[in-house]
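S.K.: Found this in Swiss-Prot, in case it helps:
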TRANSMEM  13-33  transmembrane segment
TRANSMEM  37-57  transmembrane segment
TRANSMEM  79-99  transmembrane segment
TRANSMEM  129-149  transmembrane segment
TRANSMEM  183-203  transmembrane segment
TRANSMEM  217-237  transmembrane segment
Amino acid sequence: MDISSWFESIHVFLILLNGVFFRLAPLFFFLPFLNNGIISPSIRIPVIFLVASGLITSGKVDIGSSVFEHVYFLMFKEIIVGLLLSFCLSLPFWIFHAVGSIIDNQRGATLSSSIDPANGVDTSELAKFFNLFSAVVFLYSGGMVFILESIQLSYNICPLFSQCSFRVSNILTFLTLLASQAVILASPVMIVLLLSEVLLGVLSRFAPQMNAFSVSLTIKSLLAIFIIFICSSTIYFSKVQFFLGEHKFFTNLFVR
């Protein structure tokens, strides 16, 4: 092997490495157990390159002149595919984060909001708890294997350095699913809190000297924790596991 072919092999390897990197990088920015709050950037970037180097299949990728001519466009396409994949894999965590925010809003505890390092946003205590709960269940149920399967599926649907067509309209369906599932999962607690508000209102009407609403936060918090304890081992646990077996959220975003 002469020096020119050796440099060409290195050039091809670096292009493949960057292509895989741009698809994997959004995963490490969006997933709550891989982002800035958990893994520092100085460690995360080398880890992404290490994982990307293990996913390179140079023998199965056709590196032609068109790749070098449109390399920036193809890299941008890889970023879009990585973002769509990250959105789909982050769906259960976003849903449970929204569930915690809805419950805290209904029980009047949003004053305790603080900066969540795992998400980088102003979040409530229950939102952080549900986010960690979903991450634990996700990893306990084989979530890392599911992530690798999803990455493999993304390359089957949209191979490296090939053109893909996206269904932009299905992104609205994705957002609808996010909002609807959050409301559905929070509905048992919301119903109980609504009934407690009604009972406290009746009590305050007939016994105003008791000042029932001064203890409403405590009562609603106890009721919310009780309902969450009942639902956590059945509804919430099974819902996270349900998303582990669903690849359709990602596949529906592409025209095949």
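All positions are counted from 1 along the displayed chain.
Here the Cβ of each residue, glycine as well, is placed from N, Cα and C on the backbone.
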S.K.: Would you kindly list the residues that approach the transmembrane segment (79-99) from elsewhere in its chain, counting only those six or more residues past its ends and only Cβ-Cβ distances under 8 Å?
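M.R.: For the transmembrane segment (79-99), the far contacts come to 22-27, 29-32, 119, 123, 126-127, 130-131, 133-135, 138, 146-147, 150-151, 154, 158, 164, 166, 174, 177-179, 181-182, 185-186, 236, 239-240, 243, 249-250, 253.
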S.K.: By Cβ distance under 8 Å, which residues at least 6 away from the ends of the transmembrane segment (217-237) in the same chain are close to it?
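M.R.: Distal contacts: 96, 103, 106-109, 126, 130, 133-134, 137, 185, 188-189, 192-193, 196-197, 200.
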